[in-house]
Structure formats: C-alpha cells, structure tokens
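Chemist: OK, TrEMBL features for this one:
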- ASP64: active site, for OMPdecase activity (ACT_SITE)
- LYS66: active site, for OMPdecase activity (ACT_SITE)
- ASP69: active site, for OMPdecase activity (ACT_SITE)
- ASP13, LYS36, SER121, GLY195, ARG196: substrate binding site (BINDING)
- 7-211: domain 'Orotidine 5'-phosphate decarboxylase' (DOMAIN)
Amino acid sequence: MIIRHNGLILAFDVDWDTKRSIVFLRGIMDLIDAVKVGWLQLLNIGPNGIKELTSGINTYFLADIKLGDIAHINEYVIRRLRDLGINGVIMHAVTGRENLNGVAKLSRDLGIDIFLLISMSSGGELYDLNLDYNVKLGTELGIAGFVVPATKPNIIRRVRSMVGNNYQLLSPGVGVQGGKPGCATASGADFEIVGRSIINSESPREVTLSILSAIKDPRC
Ligand code: O7E
C-alpha cells in the first residue's frame, strides 16, 4: 500500500533523461507520496532508466501502463516491473477475472500492489456501465485498490461506499482535466494524482504546495 502523508501522487509524464528527472523529483519529493511513471519513461529512458530512477529516489513508484493482456503476459510484465523497483501497477479491470486471477495472487507473493482501473477521467462509458461488477471483481481478487476519476466525484463516493476503508482509491483528473484540487479526496479518494499542472509549471514546488493546501482544506 502507499503510505499517505500528503495525499498527493505525481503523474510524472515526462520524456526527460534520468538526470533531469531525478533533479526535478528531488525538488518536490517531500511533498508527494508516490511517483507514477509509465509509457513516457518506457519509451524514452527505457527499463534501465526506470531502474535508475527507482534506485535514485526513495519513494513509492507506481507503474501506469494500464496493463490488460492475457494472464501469462500480465504475469511476465508484473515480474519485470518488480525487478525494476516498481511498487505498484495499474491494470485494466476490463480484461476480466480469468486474466486477473493469477496476477493478483502473484502480486501478493511478490509484494507489488495492483490498482484496478474501473472508471476513466474522460470517456470510459463502458466502464461506468459496469462499475459495480468491476468493484466487486477487484475486492474478490484481493487487489490493493482502485483508480477512480476526480472528474466524476459521484463515482468516487459510490466506490468508497462499496469498499469501505480496506482499499486505496487513487484519483487522476485533477487540474488540467477539470477536477478541482482537494475535491477528489473530499469525496473519498485517498490520493489525488496530478501531472501537467505541476510538471509544466514555472514553479512546481509552489503549485504542489497550493494543491496540498487544497487537499487539507477543500472548497468544493
Ligand atoms: O491530466 P494530468 O496531466 O494531471 O495527468 C493525469 C494522469 O492520470 C495521466 O498520467 C493519465 O495517464 C492518468 N489517468 C487519467 O488521466 N485518467 C484516467 O482515467 C486514468 C489515469 C490513470 O490510470 O492514472 C493512474 C492512476
């Protein structure tokens, strides 16, 4: 599980080299609880670069490749990500029980968390039509938590009411996509996930601090 100090996860969607990435992260690491990496790192600095990042920065690393394949590919990817120092992985719920069962057990054995994507910050209507089914599936699989959109606070509230406090809810869509800082956590999420509002800012530390004050004192 992700330890909650501030309630904020950085969506680190950058194509920077490892050196620049590490300098940037060191500037705000005390303000964020986890770093989400994904396709931009895989395609630009590659697996070795990701390993350099996870070795160079002491935090929880979440891999967001929205994994959703058949079971044996899913399991291979989870093992490789674990070798790279990744602590948690985002997976699509839509591939269903047969493709997720084995990987859920493997993740527990390896000590890597799975967060299931069950609703999207934009579109995702097929997910929303099957929300209750996917939440139930996740709880039966014994995963760590769910991804719920900051742009749909009613879905955050619904999922929280279904799962109680045993699952972590991570919420993207804050800032550029329209979610107001502080309002996803006020609706029941454990963490808000923010990318461009911080990364593209001239003063990332100040922006991060202002998001943290909104999380502490939400006005929704
Ligand atoms: O809009 P930004 O720049 O703050 O970035 C949002 C991030 O959250 C980005 O990395 C995107 O891939 C991710 N995300 C969504 O924006 N919407 C979703 O529905 C799901 C995700 C996602 O899976 O994030 C992982 C928790």
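Numbering starts at 1 and runs along the chain as it is shown here.
Just so it is clear, glycine is given a Cβ too, placed from its N, Cα and C backbone atoms.
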Chemist: Taking the Cβ of LYS36 (substrate binding site) as the centre, how many other Cβ atoms fall within a 10 Å radius?
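Modeler: Summing over all protein chains shown, LYS36 (substrate binding site) has 23 other Cβ atoms within 10 Å.
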Chemist: Near the Cβ of LYS66 (active site, for OMPdecase activity), how many other Cβ atoms are there if near means within 10 Å?
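Modeler: The answer is 15.
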Chemist: Which whole number of Å gives the largest C-alpha distance between any two of ASP13, LYS36, SER121, GLY195, ARG196, the residues noted as binding substrate?
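Modeler: If we measure all Cα pairs in ASP13, LYS36, SER121, GLY195, ARG196, the largest is 16 Å.
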Chemist: Just to verify a number: CA distance, LYS66 (active site, for OMPdecase activity) to ASP13 (substrate binding site), in angstrom, no decimals.
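Modeler: About 14 Å separates the two Cα atoms.
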Chemist: Can you list, in sequence order, the residues of the same chain other than ASP13, LYS36, SER121, GLY195, ARG196 whose CB lies within 8 Å of the CB centroid of the substrate site?
Modeler: ALA11, PRO172, VAL176, ILE193, VAL194, ILE199
Chemist: Compare the Cα of ASP69 (active site, for OMPdecase activity) against each of the binding-site residues ASP13, LYS36, GLY195, ARG196 and report the nearest.
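Modeler: For ASP69 (active site, for OMPdecase activity), the closest Cα among ASP13, LYS36, GLY195, ARG196 is found at LYS36.
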Chemist: May I ask for the distance between ASP13 (substrate binding site) and ASP64 (active site, for OMPdecase activity), taken between their Cα atoms and rounded to an integer number of Å?
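Modeler: Pair distance, Cα basis, whole Å: 10 Å.
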Chemist: Restricting to the domain 'Orotidine 5'-phosphate decarboxylase' (7-211), report the mean pLDDT as a whole number.
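Modeler: Mean pLDDT for the domain 'Orotidine 5'-phosphate decarboxylase' (7-211): 98.
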